[in-house]
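Colleague: Here TrEMBL flags Glu496 as active site, proton donor. Here TrEMBL flags Trp367, Asp368, Lys608, Gln609 as substrate binding site. Per TrEMBL, domain 'Glycoside hydrolase family 65 N-terminal' is recorded for 23-277. Taken from TrEMBL, the feature domain 'Glycoside hydrolase family 65 central catalytic' applies to 333-695. Summarising the annotation, TrEMBL assigns domain 'Glycoside hydrolase family 65 C-terminal' to 705-766.
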Amino acid sequence: MRKYHAKKLEKEAIYPYQDWKITENEFLVENNHHNESIFALGNGYMGIRGTFEEDYPGSEDTTTPGFYINGVYASENIIYGEQSPNLPMKGQTMVNLADWSEINLYINEEKLDLLKGNLIDYQRELNLQQGTLCRKMIWEDRQSRKIEIKITRFISFSREHIGAIRYQFKAINFSGRITINSALNGDVRNHHHLRNKKALSILASEVDQNTGYLVHKVNSTDFKIAYVIEHLLGETVKDHCEVKKRASDNRIDWVFEINAVEGQDYTIDKLAAINHSQAEDENPLSDARAFVARAAITGFENLLEEQAEFMAGYWQDADIKIDGDNALQQAFRFNSFHILQAVGKNGRTSVPAKGLSGEYYEGHYFWDTESYVLPFFAFQRPEVARNLLLYRYNTLDKARKNAKRMRLKGALFPWRTINGDEASGFFMGSTVQYHINADIAYALNLYYQVSNDHEFIENYGLEILIETARMWSSLGSYIPLYNNQFCFNEVCGPDEYKPGVNNNAYTNYMAKFNLEIAIEIAEKIKENSPEKYQRLAERINLNEQELEMFKEVASDIYLPYNDKLEITPQDDSFLYKNPIEVDNIPEDELPLVKNWHPLIIWRYQVIKQADVMLLMLQLGNNFRRELKIKNYDYYEPKTTHDSSLSPAIYSILASEIGYKVQAYNYFMQTARLDLDDYNENAYQGIHAACMGGTWLALVQGFAGMRMFNGKLYFHPHLPDGWHKYQFRLRFKGSQIEVTIDQKKANYLLISGQQIQFKHYDKIITLNQSNLNQEAEIKQV
Ligand code: BGC
């Protein structure tokens, strides 16, 4: 373990270790931003930061509320210091939308404000089992009046347009007027990009007794967003309540004045339906009204129950049980919960790098989805993985245009995007990472192998594979001084600290994989569904000569190896750069991306994130164990892990080559990155890829699961100090449960007819007459 990383591991837990909960027991205003990310709720369609219901005007320093819809963005011209031809002209930024969660409570005229008065009791709890967030408080105002408040909120998974808040309160030592001011606040702005721009206008608003709506338009992109609110008043509120309502241009307030009686419980449920549309002739309002009306009929309690049922189903597939380490037990569930909250499931959206929990990275989708999050779903909820790939299919035309922009054939997927166009104005960190094409092809093949979804591969998958392969065949070139091998110049691998290099090994190998898998699947479909194949071939002008050319290119791709060091060089120039070890860089200069000029970073052998090591994992069947060890030993001291995508991959490789301590330490850094705030940036939003990486690090790392050529392998071991761990996987229509303890692995067929895989070298077959098999594990 490097000095710097070891230090990070010393970080203390922020929340107590609990199996199914994240609990904040003390309110400290300085933790607000971090907590707003940790307690963010979402359902893949929309997400809300964990900002308190009561507002704290003028408090941007201490709170950054946010409500977002996945895929709803504003678009502004990118301002360049110096222009070059063919740069993207327009950015895309996920818009901070109306705040429907605002609820303020007043005792007479005194507003509930945790920074004033006396906070006697406080607890906020994210319940991962139920999918709810609950805050309980006892607060005393400056006249010594005490009030007990309980607020429960959730964003429904089964009704993607519905969010709900139950607001309960009780006057403990007084009777008197309590006012609840519930609002729908459309006067909002982004906190980072666009902060000086008015991204939204109000198209319509109306308020009636307990209900009302706003309709927003995103000025630059014509998205229309309808928010409809309905309040359900508890019996005791109805008896004592007078409702006033006010609508200004950009907000609606409902004022419930209650003559509260000491010791009496009062409840107000606030239901919100949010819906959007970009089509000119569509009005999202009528559907939103119908959604809220239906939710109101169902009622809060039943909605809560639905939520719990949904979560129970999810945990059936996605839970990982760890016996012997409750810090990790908690982390796993927390991460799996947030991944679920982040993922777009409608084929038109994907996974923003920060989920729907913050504005950083502008809500953009990166390769993070395919390389880090998609495997999690492919093996647990394949239908979600399918929709992520459909999103790419639905943006294929834009990727074709992007290829043309770069004078390339086929399709080049954007590095950063929401709508499918490249949204990055910094090409040395974006367009240069052509490897995204191969990452998508790799994920597509992974999904196909795991699911056997022939319909998908025939109707969508092959077209993506051919178009991405075309890009590679036009990007590279035969270089005489490299024995006329096919080389890729001016690229960047996953390591963003080395952009604009020639023959990045990860890129070359993955391009070869992309070309080969395109050919293999084309040939398969040609044989199995000749008519479908023919139709596609005609539509995209694919012929035999082109497939032959792909074959030739794939076999001619230059695959770097350095004889002298007996390692895989990261690229042509890497080994010749200035030597350096991360342990010799002063800690306060890390992360380098924030402290060193890019040119300084580029001249050193210093790495931001797993690059060659990711290659050793993804195409691991091409490389010998000795090479993996040599590569690990060479690259590990040079890697800063300045990207949170890195430690998981090092953990997996460390597991594979028997470096048990490193495997565990890197695993810890991945698993609790946001909970313990290792990188001190969780306030910006959760790290979705890192969360997916945690799952990879357990399943591929400790359990040594690999899938090559449609076959499944396990090489399990148990980390020191653990007693047992257990997870479930789906594979080709079956589901198995894998349990690893100190001595043995147990494989149990949960559903499906038959499944076959290897445990080390032993073939295991589970079927209806042999549901369960135990096997020895080797000690590492
Ligand atoms: C990493 C990229 C990643 C991006 C978004 C960057 O810091 O280097 O690999 O795609 O963050 O998570």
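Cβ atoms are placed via backbone N, Cα and C, with glycine included.
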Colleague: Applying the rule Cβ within 8 Å of the centroid of the Cβ atoms of Trp367, Asp368, Lys608, Gln609, what extra residues of the same chain belong around the substrate site?
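Modeller: Checked against the 8 Å cutoff, the neighbours are Phe366, Ser371, Pro494, Glu496, Ser643, Leu645, Ser646, Ala689.
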Colleague: Under DSSP, is Asp368 (substrate binding site) part of a helix or a strand, or is it coil?
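Modeller: Reduced to three states, the DSSP call for Asp368 (substrate binding site) is helix.
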Colleague: I'm trying to understand the geometry here, so how far is the Cα atom of Gln609 (substrate binding site) from the Cα atom of Glu496 (active site, proton donor), in Å to the nearest whole number?
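Modeller: Computed Cα spacing between Gln609 (substrate binding site) and Glu496 (active site, proton donor) is 8 Å.
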Colleague: Quick one: what's DSSP say for Gln609 (substrate binding site), helix, strand or coil?
Modeller: coil
Colleague: Whose Cβ, among the recorded positions Asp368, Glu496, has more other Cβ atoms within 10 Å than any of the rest?
Modeller: Asp368
Colleague: Report the DSSP secondary-structure composition of the domain 'Glycoside hydrolase family 65 C-terminal' (705-766) as helix, strand and coil residue counts.
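Modeller: Here the numbers are 0 helix, 42 strand, 20 coil.
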Colleague: Looking only at C-alpha atoms, tell me how far Trp367 (substrate binding site) is from Glu496 (active site, proton donor), rounded to the nearest Å.
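Modeller: Distance between the two Cα atoms comes out at 13 Å.
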Colleague: In the three-state scheme derived from DSSP, which category covers Glu496 (active site, proton donor)?
Modeller: coil
Colleague: Quick one: Cα separation, Asp368 (substrate binding site) versus Glu496 (active site, proton donor), in Å?
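Modeller: Given the Cα positions, Asp368 (substrate binding site) is 14 Å from Glu496 (active site, proton donor).
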Colleague: Name, in the order they occur in the sequence, the residues of the same chain whose CB lies under 8 A from the CB of Lys608 (substrate binding site) and which sit 6 or more residues away.
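Modeller: Those within reach of Lys608 (substrate binding site), by Cβ under 8 Å and sequence separation of 6 or more, are Asp495, Glu496, Tyr497, Leu592, Val593, Thr639, Thr640, His641, Asp642, Ser643, Ser646.
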Colleague: Take the Cβ of Gln609 (substrate binding site) and count every other Cβ within 10 Å, whichever protein chain it belongs to.
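Modeller: Around the Cβ of Gln609 (substrate binding site), 22 other Cβ atoms lie within 10 Å.
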Colleague: Which number gives the other C-beta atoms within 10 angstroms of the C-beta of Trp367 (substrate binding site), all protein chains shown included?
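Modeller: Trp367 (substrate binding site): 23 neighbouring Cβ atoms within 10 Å.
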